[in-house]
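Notes to accompany the following structure.
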Amino acid sequence: MKRLNKVLKEDGVETDLIMLIRTILATTKEIAFRVSQGELAGVLGSTLNENIQGEVQKKLDVIANQLLKDTLIDDDLVKTVASEEEDNAVGAHPEGKYIVAFDPLDGSSNIDVNGQIGTIFTIYPAKVDVPYDSDEQFNQPGTNQVCAGYVLYGPSSLLVMSTGGPTRCYTHDLTHGGFLLTKPELLVPSKSREFSVNMANYRYWDESTQVYFDKLLYTSEEFDKSSIRYNAAMVGDVHRILCRGGVFMYPQDTRAGNENGKIRLLYEANPLAMLTENAGGIATSKGRRILDIQPDDLHQRVPVILGSSEPVNYFDSIVY
Ligand code: AHG
Ligand code: MN
Ligand code: MN
């Protein structure tokens, strides 16, 4: 099995980007260790704080955020850092070549039940003419991403990443400490009957979304024998979809603050959309390609539907 470094070199990834990816992954190994220690390290449970989005921060959210932030602002290659757990962009180095955004722990509600959680990250080129500590560094569409990936802290720790080419999967080899290529190219089948959606939100959805689910559940022959698989960690749901197909959905709803759904464009939707597209799937928001959205806010949320192309297109044809 090939090691990550060799694969990235063979893929023609530039040396600076490889170095930055390695820095991020060194930190995720430390997060993986803390996660594995769980209760023994006293890292489970909540803090007394909320993040900018009004969500209670878990201890592991705060630890993972601090580890990634500290490492990245120490790296000369990095101009600016943004995190789901930080109010604003954090300036690192004015001459840095890249900007990095991350969701330090996705699926926080799973922490205390030993469920699936992961770190999602994305790298963009830095804007030369924008200050290093400005949120505006991240006003770039997802098509500008030069690397997107996640580390899933599951039964095995896995890295799924694309640097523009195929979406590849690596397994963390605990005996030697590296990531080994275990699935060279993930491919999402175009058809699937697996759905990943929080059905308890049905009453809050708009009428067209409800109509879609009514057809799906009660009348559509094509989706007869469908199954729902929902993790409450988008990273885990998307991982299953990248491995065997399916659809992840988080539509907008009528609850206060959910006018654009719940999923954050910068830290979740864009990196996972890039990984999905580079594995042959599609990712849309209100019928538009997620990666083409021009962001206007660091913590912007967007409705998301992504995965196998046929069911995603079917959803968009009925709802938009
Ligand atoms: P986070 O743990 O980073 O706050 O993200 C959780 C997100 C996403 O990963 C997941 O799919 C969704 O929230 C679950 O939301 P519901 O509990 O509303 O279904
Ligand atoms: Mn998240
Ligand atoms: Mn998070």
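Each residue, glycine too, has its Cβ placed from N, Cα and C.
TrEMBL does not curate its annotations; it predicts them automatically.
TrEMBL annotations:
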- 8-184: domain 'Fructose-1-6-bisphosphatase class I N-terminal' (DOMAIN)
- E84, D103, L105: Mg(2+) 1 binding site (BINDING)
- D103, D106, E268: Mg(2+) 2 binding site (BINDING)
- D106, G107, S108, S109, N198, Y230, K262: substrate binding site (BINDING)
- 188-317: domain 'Fructose-1-6-bisphosphatase class 1 C-terminal' (DOMAIN)
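This view paints the features noted in TrEMBL onto the structure.
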residue: E84; record: Mg(2+) 1 binding site; Cβ contacts under 8 Å, 6 or more apart: N51, Q53, N65, F102, D103, P104, R264, Y267, E268, H299
residue: D106; record: Mg(2+) 2 binding site; Cβ contacts under 8 Å, 6 or more apart: I117, G118, T119, I120, Y150, A233, M234, V235, E268
residue: G107; record: substrate binding site; Cβ contacts under 8 Å, 6 or more apart: G115, Q116, I117, G118, N231, A232, A233, M234, V235, G236
residue: S108; record: substrate binding site; Cβ contacts under 8 Å, 6 or more apart: E55, Q57, K58, L60, D61, I117
residue: S109; record: substrate binding site; Cβ contacts under 8 Å, 6 or more apart: A232, A233
residue: N198; record: substrate binding site; Cβ contacts under 8 Å, 6 or more apart: Y230, A232, Y250
residue: K262; record: substrate binding site; Cβ contacts under 8 Å, 6 or more apart: Y250, R301
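If you count neighbouring Cβ atoms within 10 Å for each of the binding-site residues D103, E268, the highest count belongs to D103. Predicted-model confidence for the domain 'Fructose-1-6-bisphosphatase class 1 C-terminal' (188-317) is 95, expressed as mean pLDDT.
Around L105 (Mg(2+) 1 binding site), the C-beta neighbours below 8 angstroms that are at least 6 residues distant in the chain are I31, K58, L60, D61, A64, N65, I111, I117, G118, T119. Counting every protein chain shown, the number of other Cβ atoms lying within 10 Å of the Cβ of Y230 (substrate binding site) is 15. Ligand 3 lies within reach of E84, D103, L105, D106 from the binding-site residues E84, D103, L105, D106, K262, judged by a C-beta closer than 6 angstroms to any of its atoms. According to DSSP, E268 (Mg(2+) 2 binding site) sits within a helical segment. Residues of the domain 'Fructose-1-6-bisphosphatase class 1 C-terminal' (188-317) grouped by DSSP class, helix first, strand second and coil last, total 55 helix, 23 strand, 52 coil.
Highlighted in sequence order, N110, N231, A232, A233, M234 have their Cβ within 8 Å of the centre of the Cβ atoms of D106, G107, S108, S109, N198, Y230, K262, the residues recorded for substrate, and are not part of that set. Listed in chain order, the extra residues whose Cβ falls within 8 Å of the Cβ center of the Mg(2+) 1 site residues E84, D103, L105 are D61, A64, N65, S83, E85, F102, P104, D106, S108, T119, I120, Y267, E268. Residues E84, F102, L105, G107, G118, I120, Y150, M234, V235, R264, Y267, P271, L272 surround the recorded Mg(2+) 2 site, their Cβ atoms falling within 8 Å of the Cβ centroid of D103, D106, E268, which are themselves excluded.
Screening the binding-site residues D103, D106, S109, E268 for a C-beta under 6 A from any atom of ligand 2 leaves D103, D106, E268. Largest Cα-Cα distance over the residues recorded as binding substrate, namely D106, G107, S108, S109, N198, Y230, K262, equals 16 Å.
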